[in-house]
Amino acid sequence: MKGDKKVIQHLNKILGNELIAINQYFLHSRMWNDWGLKRLGAHEYHESIDEMKHADKLIERILFLEGLPNLQDLGKLLIGENTQEMLQCDLNLELKATKDLREAIVHCEQVHDYVSRDLLKDILESEEEHIDYLETQLGLIQKVGLENYLQSHMHEDD
């Protein structure tokens, strides 16, 4: 089914954000695990997998619309050097992604592509949940201090 060119452009832009997130979150996960912060590492690993699932759905949709998924133009990863920076980098990426998602949703509405719109709304909901998690973690660091925060994230949840 031939899709709207601008919808395909939006889907590819969102796909690019997801590809950045997959790699960024995966690296952050491994860094936290290496530092002994197993709870943070496990959570970040699952976020990376969620982003991979989003990318998969976007690729399927782009192909269905007879577009070409762009997996080559990988943007810059935002890699922190410490836990607080890493959380902030993830938050910055998610805030950009949600802005792009909202713009894409508006366009899909305008051209009556409700299937793409619904896919993007599902991804937006997931990204908003991640933003809430990241804001909560950064808030906890402010409330309990970095050392207490880090100590509470040394062991994985059972």
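For all residues, glycine too, the Cβ spot is worked out from N, Cα and C.
Fair warning: this is a prediction, and the values are worked out from it, not measured in the lab.
Annotated domain 'Ferritin-like diiron' per Swiss-Prot: 1-145, in sequence order, evidence recorded as sequence analysis.
Secondary structure from DSSP puts Glu51 (Fe(2+) Fe1 binding site) in a helix. What Swiss-Prot records for Glu18, Glu51, His54, Glu127 is Fe(2+) Fe1 binding site, and it gives experimental evidence as the kind of evidence.
Summarising the annotation, Swiss-Prot assigns Fe(2+) Fe2 binding site to Glu51, Glu94, Glu127, His130 and lists experimental evidence as the type of evidence. For Glu94 (Fe(2+) Fe2 binding site), the count of additional Cβ atoms within 10 Å of its Cβ stands at 23 [all protein chains shown]. Under the DSSP three-state reduction, Glu94 (Fe(2+) Fe2 binding site) is assigned to helix.
Residues annotated as heme b binding site in Swiss-Prot, with experimental evidence given as evidence: Met52. Cβ environment of Met52 (heme b binding site): Glu18, Ile22 lie under 8 Å away, each six or more residues apart in the same chain.
The Cβ of Asn148 (K(+) binding site) has 12 neighbouring Cβ atoms from other residues within 10 Å, across all protein chains displayed. The K(+) binding site feature in Swiss-Prot is assigned to Asn148, Gln151.
Confidence for the domain 'Ferritin-like diiron' (1-145), expressed as mean pLDDT, is 97. Asn148 (K(+) binding site) sits 22 Å from His130 (Fe(2+) Fe2 binding site), taking the CA atoms of both as reference points.
Around His130 (Fe(2+) Fe2 binding site), the same-chain residues six or more apart in sequence whose CB sits under 8 Å from its CB are Glu47, Asp50, Asp90, Glu94, listed in sequence order.
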